[in-house]
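Asker: The structure that follows is given in the form of structure tokens.
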Amino acid sequence: MKVSFSELSLPQTGSLALCVGGDGSLCALGAQLDALTQGALTRAMKVEKFSGEAQSWLSIVAPAHTDLDRVILLGTGEASILDIENAGGVLAQKAESLALREVFVALADSEQAAHFAYGAQLGGYRFDKYRTLEALKARCVLETMTVATTDAEKALQAYMPLDASAVGIALTRDLVWEPANVLTTEAFAELCQTLTPYGLEVEVIDSKQMAALGMGAMLGVGQGSMYETLMVVIKHNGGAQGQSPIAFLGKGVVFDSGGLSLKPNSSMNTMKEDMGGAGTVAGLMVTLAKRQAKVNAIGVLGLVENMPSDKAQRPSDVVTTMSGQTVEVMNTDAEGRLVLCDLLTYTQRTFKPRAMFDLATLTGAIITALGDEMSGIFSNHDELAAQVTRAGELEGELVWKMPLGDSFKRLLKSEIADMRNNGTKLGVGGSSVAAQFLHNFIENDTPWVHLDIAGTAWRSDNLPTKPKGATGFGLRLLDRLVKEQFED
Ligand code: BES
Ligand code: MN
Ligand code: ZN
């Protein structure tokens, strides 16, 4: 969707969208239009009992005394920034049923104008690549949005970093939607290499190099796949030279069949989403580059496919991680932690980051605990965890603090190796056991945050700015965190 900002005025023709506060109040231009139409807006609101509640909408067709096709009223409730974004998202999602390709929005406040357009970008996202039937291909989408506002230049300035975020989120969503027969580990790595025009440095580390580095845990996961296990390092050098970077690590299991500990079909058929962490990291790096964030940031993606085969690792195999610690693989479906542990060691030893964030669709147990709109956060650094939590609240990406500790560590005791990869007690604290496993790989108290996004990376229903399907959860939150805590 093309977005532009113009000076505040009423259009003569076409479709116009207006925001309405939770008390049913129209903005100045809305009141002007209401007078022009001899009260058509207020009458329509009354008839339809439209109160301006957040996320509600009302379409008024061909209002008399104007040449407008439609006026669309969008409820904003308390009119927080997130409410305004949601109004934009609702409008973009209604475009199909209203046959709306072009819309004019009047929103006096320039900050709100920018966030409205951002919400519309996020809400209007669709993945239509594989629809070839005309009827589906021809579904109407919003193509052009003009937001009329008091200070168009200021709105545009506010919109630029938001556009960078929307572009990153769209990339993340595309990656997560892409099925695993197309987005293989190799295709994913190749795609990362096309990101250099953003100013990013991209390096692909192949499995030979990984073997030389001693990454036995991650390589074990990919052993059964016909595709190569790969690691991708994406660098954004926006900070002072020599400044210690922040690092983002992503679980990139392009498909998680469970391996020989095979998943039942009902839980396997969504497992193309298991690269959601890596997808978010790739998108985030694009966002940081596109908005020229003044920070040195590193994205590390662990790309691997978890498949059963005669080559696959077996339950009871012992692998040696890059850290030197050994792991007894008692369940090949607890593979995410085997990927992340080597990424953690590699990142710490190679880049000495000042803080490290990993994102992973790690455990089904986090969905049981927190549902599908909150991610679990685990950390060795309370202050950093609090900052992440706060950033999440402001961005509409909620996270909830979960525990680490010795009681979970005890569940990882192995009869043969330094630890096992799943807990000894079935169904006991699964998300914390997984996080505790990762904690075993943190060196020198490096500030570390683990986000378990198993419940939030993919949605089974619509939210205004997170349409059904891949969400890109975590990108907004981390982008804000970078801006507020780590930029020069
Ligand atoms: N990728 C899954 C976790 C998952 C579940 C992600 C649902 C998204 C939606 C992960 O690799 C997994 O299989 N975890 C197991 C761990 C268990 C075997 C210890 C789980 O959660 O059941
Ligand atoms: Mn698994
Ligand atoms: Zn998995």
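Backbone N, Cα and C atoms are what each Cβ position is placed from, and that goes for glycine too.
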Asker: To which of GLU186, GLU190, GLU328, GLU335 does TrEMBL also attribute binding of Mn(2+) 2 at the site defined by LYS251, ASP256, ASP274?
Answerer: GLU335
Asker: Please list the recorded positions from LYS251, ASP274, ARG337 whose Cβ falls under 6 Å of any atom in ligand 3.
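Answerer: What lies within reach of ligand 3, judged by Cβ under 6 Å, is ASP274.
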Asker: Please check each of the recorded positions LYS251, LYS263, ASP274, ASP333 and report the ones with a CB atom less than 6 Å from an atom of ligand 2, ordered along the sequence.
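Answerer: Those recorded positions that pass the cut-off, since their Cβ is under 6 Å from ligand 2, are ASP333.
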Asker: So which binding-site residues out of LYS251, ASP256, ASP274, ASP333 are up against ligand 1, CB under 6 A?
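Answerer: Among the binding-site residues listed, those whose Cβ sits under 6 Å from ligand 1 are ASP256, ASP274, ASP333.
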Asker: Quick one: pull the CA-CA distance for LYS251 (Mn(2+) 2 binding site) versus ARG337 (active site), whole Å only.
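Answerer: A Cα-Cα distance of 8 Å.
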Asker: Can you tell me how far the Cα of GLU335 (Mn(2+) 2 binding site) sits from the Cα of LYS263 (active site), in Å?
Answerer: 12
Asker: Mind tallying the domain 'Cytosol aminopeptidase' (331-338) by DSSP state, helix then strand then coil?
Answerer: 3 helix, 0 strand, 5 coil
Asker: If one measures from the C-alpha of ARG337 (active site) to the C-alpha of LYS263 (active site), what distance in angstrom results, rounded to a whole number?
Answerer: 17
Asker: Rounded to a whole number, how many Å is the Cα of ASP274 (Mn(2+) 2 binding site) away from the Cα of LYS263 (active site)?
Answerer: 13
